[in-house]
Each structure stands twice: as C-alpha cells, then as structure tokens.
Amino acid sequence: MRQILVAVTVALVVSILLTPALIRLFTRHGFGQEIREDGPPSHHNKRGTPSMGGVAIVAGIWAGYLGTHLAGLAFDGEGVSASGVLVLGLATALGGVGFLDDLIKIRRSRNLGLNKTAKTVGQITAAVLFGVLVLQFRNGAGLTPASADLSYVREIATVTLAPALFVLFCMVIVSAWSNAVNFTDGLDGLAAGSMAMVTAAYVLITFWQYRNACVTAPGLGCYNVRDPLDLTLIAAATVGACIGFLWWNAAPAKIFMGDTGSLALGGVIAGLSVTSRTEILAVVLGSLFVAEITSVVLQILAFRTTGRRVFRMAPFHHHFELAGWAETTVIIRFWLLTAIACGLGVVLFYGEWLATIGA
C-alpha cells in the first residue's frame, strides 16, 4: 500500500508542478491550439490555449513509477518489471506520435497535424512492437507479460490466438483505445477526469490480482498475471498524473493535453488490459471512450451510406453541446457515467472471483 501512495503522490506532484511551467513555456513560444471551424461556437474562444500538456502527464507517470522503485531500493524492493516497462514504453511511443501531430498543428496553425497514414503507421508500429515483446520475457514461474488467450477478467483458455493473430489483436486494441481517448479529449477535463477513474479501477483490480496471485497464493480464483503489483503502480501513477493535470485542465482549461496526452493515455489502457488479462472487461471500464469512438464510426458510416448524420456532430459530446447543454454539464454527466461504468466493472471483476471460488 505504501508503494501505491508513493506512486500517486510523486506523479501528482510532478504533473501539477510541471503543467504550469509548460503553460508559460508554450505561451511564450505561441504553441496554441487551433480550433475546428465547424465546431461548437462556444469553443472558438479556446483558440490559442496552450496544447501538448500531455508531456506533463507522461512525465508524471514515469516519475511516479520510477520514483516508487527508487524508494523501494531502500527496503530491498524489486526493480522494474518487463510488464511495467512494456506498458509505459507503449504509452510513451504513442505519446511521441501524438507530440509530432501536435507540433505540426502548431507549426502550420491549423487543426490538422500528421496525415492519417503517418499517424496510423506510428500507432501500428508501436502496437506491433508491443505485441511481439509482450509474449517474451518469461519469468521463473513460466509467465510472460501477456497471454495469447483472449481474456475477460482472466484468460479464456478456449480462445487462444496464434502469435501472428495476437499481434494483429494488439494492433486493433492499441489503435482503438488510443483513438478512443483522443476523440474523447474534446471538452475541458473530460478525458483527464475519466482516465483518472478508469485507472483508479485498475488500481483495485491489479492489486487484487497481486494479493491473489497463483505464484504466491495458489488456489481457487488465483490469477496468472506476471507482474500485477507493477501494473498497480502504473495505474496509480496515471491516476496521480491525470489529477495533477486536471487541476489546470478543468474548465476553463489553461492547457490542453493534445494528442501527446490522449494517445499516451489510450496506450495505458491498452497496455494494462493486455498485461492484466482484462481485455474484455476494459470495454466496460472505459465505456465512455468506447461510446465516443463508436459515435464517430456511426456518423461516418451513416453519412457515407445514407447522406445523413446520426448526431448533430461527432464525437457525440459535441452533439449534446449543440443540443443546448452547457460544456460543464456535459463534462460532469459524462464523468458520472464513467464512475458508474468503473463501479460496474469492479463489481463484475469481483463477482467473477466469488463465482470461481464458489462463494
């Protein structure tokens, strides 16, 4: 528990202190966000708000994770794990793609950064490397950071993917989650607040896996997860980093996370879901992100096939704005829905454990 508190605290402090420094730096150099011309009229006054605040989030997560391990050395703690480094490596690589996208938007003074091909290639490259490496690094118990079995709250042994299919599966998961969080990041604080809740749920889930790991506590309901405690630290550090950033990103936002932050945070969800064997459960926890990307897909499909739009504007948080909801109303209600989804996800996780042990 001490390690979790250290991870949250260090990440929060780094994020909340680094963000205003970035605001001053980006403002001085004119690194402001461009706004969609077809967006809600209320968003036009946000033009010029500093972007790329995701740098503070990624730095906070790394600081929380590494700081906890450095502090643990004084108490003979274990070093970083393969699972932890791979999840953070994935998030950082995606954050790098987002950083380039943000930088191009700023340099060209328009709301279009990397073209779709370049952005997709960057995401797929990160996903392929992650998918290949995450099945390596077998530990003494014979566990690798991920399993080729499809998973709900643990492996579904009847659905095992061949290595090539598993890599393809990772490509889909990584691309879907990174884009889903990216689409959600359209209102002040919406993505950061929602991510804090989802990763808080992952703190509970992965810590429970750690306390009931088959390696240390074999028996009914135990979990075959390679490095559950390290995943807990990453989730906790993400909670702290998002809260620290949210202090400055809450409406009216002083800075936006940009694609730097949203793609990286999507990578955190993708990485945690794969390494904790909860790929299907993650869809419940991140229901808001799933709904946002689904609204975009439906809008595109409907317009191309019928010439009509399903929503006034997609992602669908803008639909409610154009329907007359205040931005803060949309944000708070979507946060509430995220909290409910996370609560449901934790209940499903715990319920499966109770059913497994026959309680």
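Every residue, even glycine, has its Cβ placed from backbone N, Cα and C.
Feature annotations, courtesy of Swiss-Prot:
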TRANSMEM  3-23  transmembrane segment
TRANSMEM  55-75  transmembrane segment
TRANSMEM  80-100  transmembrane segment
TRANSMEM  117-137  transmembrane segment
TRANSMEM  156-176  transmembrane segment
TRANSMEM  187-207  transmembrane segment
TRANSMEM  231-251  transmembrane segment
TRANSMEM  255-275  transmembrane segment
TRANSMEM  280-300  transmembrane segment
TRANSMEM  334-354  transmembrane segment
Fill in: Proximity verdict for the transmembrane segment (117-137) and the transmembrane segment (334-354), three or more C-beta pairs under 8 Å
no
Discussion item. Counting only residues 6 or more past its boundaries, what in the same chain has a CB within less than 8 Å of a CB in the transmembrane segment (80-100)?
Written reply: 52, 54-55, 58, 61-62, 65-66, 69, 113-114, 119, 122-123, 125-127, 129-130, 133-134, 136-137, 139, 145, 174, 178, 182, 226-227, 230-231, 233-234, 258-268, 270-272, 275
Practice prompt. For the transmembrane segment (231-251) and the transmembrane segment (334-354), check the count of CB pairs under 8 Å (sequence separation 6 or more) and say whether it reaches 3 or more.
Written response: no
Item to complete: Decide whether the stretches the transmembrane segment (255-275) and the transmembrane segment (187-207) have at least 3 CB pairs under 8 angstroms, with pairs required to be 6 or more apart in sequence.
Response: yes
Worksheet, complete the sentence: For the transmembrane segment (334-354), the distant same-chain contacts (Cβ-Cβ under 8 Å, at least six residues beyond its ends) come to 152-154, 187, 190, 193-194, 197-198, 200-201, 204-205, 208, 212, 221, 278, 281, 284-288, 317
Fill in: Stretch among 55-75, 156-176, 187-207, 280-300 sharing the most Cβ pairs under 8 Å with the transmembrane segment (3-23)
55-75
